[in-house]
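Participant: So that we are looking at the same thing, I have put the structure below in structure tokens.
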Ligand SMILES: *Cc1c(COP(=O)(O)O)cnc(C)c1O
């Protein structure tokens, strides 16, 4: 029989080496819990980086995937498919009517690549305005908009130019958007950059400025979508509708998926064959996406996210520790900023309290639990955070 150590050693021996690995082998998940190979249970506030909103191995999604796997798994988009059509119709049901055209793909960064290419084609321009601390993904188009120099600088120069403005700075945004800009590209709540919600003024100004200057507004809802922030999409908090929106992470209930949603006006500017994907829109992912959106709608999980998130943030704020700088968030997208590096505390939460959490920048402990998490689990997380900080 394989031991815990064997799996760890095997994985480390062959891994590309880009990840700092936890010293644990996770083998199973259910709801907001995961189990390691020794049978130990963990409360999972990593949630697959915000993929597992509906809970690990959500039974409704599992059933849909099983059924579709036996029916048809792959079909290029040149061949129409019942599940793809159903996915588009279901997605339209949770989006504003103007976002009626969809490019399905397989990940967040691919959705953002598509958004950049559609925006370039629709405007004839190739300059973007993005935000300081923003994160857009790792492929060569999207990474140019990911602010962190470690992600971006070694791989440039890029074929499109990007101007970064401080997030939530309306004046800086105003002066950055001129006639040469194709689109302003923003997250409604910055995730990877440290969990910073947008101010309503900032997103509303972004909408107004882009309209005035004749450029596009792209909102990246990859982490903030599917109920994470207490609404189905983050932009619903702000009364702003973008020209293009990207989603991925939780959209497939755990199955790899991405989508770039856009207005008909934007979509019509891309010529036939101007973009494409082999796996994108495959019936297996489409069936998972239909099940995930339906489950979200039927259970109104975004309301649970809003309520539990409010209580969780309040409870974390009540922790009386000089180490805590700030607790920020929206719904169950929560960051606790320390006055020192967060990594040792993330390790202690895991090793001493069996709670998995993740970083967001060097000093933030980020919590992205499945939205189905029990209130008592979140109370346990607060107790554990209090304990590791004392
Ligand atoms: C995760 C994330 C991405 C990248 O998605 P991948 O599926 O990892 O390529 C892009 N933007 C935001 C805001 C994200 O959180």
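A Cβ is built for glycine as well, from the same backbone N, Cα and C atoms used for every other residue.
Automated prediction, rather than curation, is the source of TrEMBL annotations.
Pulled the feature table from TrEMBL, pasting it below:
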| type | residues | note |
| --- | --- | --- |
| BINDING | 108, 109, 135, 220, 221, 222, 223, 278 | pyridoxal 5'-phosphate binding site |
| BINDING | 138, 277 | substrate binding site |
| MOD_RES | 249 | N6-(pyridoxal phosphate)lysine |
Participant: Which binding-site residues of 108, 109, 221, 277, 278 contact ligand 1 in the sense of C-beta under 6 Å?
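Facilitator: So the answer is 108, 109.
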Participant: Could you say whether, by DSSP, residue 220 (pyridoxal 5'-phosphate binding site) belongs to a helix, a strand or a coil region?
Facilitator: strand
Participant: Let's check the environment of residue 222 (pyridoxal 5'-phosphate binding site): how many other CB atoms sit within 10 Å of its CB?
Facilitator: 29
Participant: If you count the other Cβ atoms within 10 Å of each Cβ, which of the binding-site residues 220, 221 comes out on top?
Facilitator: 220
Participant: Please work out the number of neighbouring Cβ atoms within 10 Å of the Cβ of residue 138 (substrate binding site), leaving out its own Cβ.
Facilitator: 16
Participant: Sorry to bug you, but what's the C-alpha spacing from residue 249 (N6-(pyridoxal phosphate)lysine) to residue 278 (pyridoxal 5'-phosphate binding site), rounded to the closest Å?
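Facilitator: Here the two Cα atoms lie 19 Å apart.
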Participant: Long-range neighbours only, meaning 6 or more apart in sequence with Cβ under 8 Å: which ones does residue 108 (pyridoxal 5'-phosphate binding site) have?
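Facilitator: Those within reach of residue 108 (pyridoxal 5'-phosphate binding site), by Cβ under 8 Å and sequence separation of 6 or more, are 137, 220, 222, 223, 246, 248, 249, 258.
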Participant: Checking the spread of the pyridoxal 5'-phosphate site as listed (108, 109, 135, 220, 221, 222, 223, 278): what is the longest Cα-Cα distance, in whole Å?
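Facilitator: Greatest Cα-Cα span of the listed binding residues: 25 Å.
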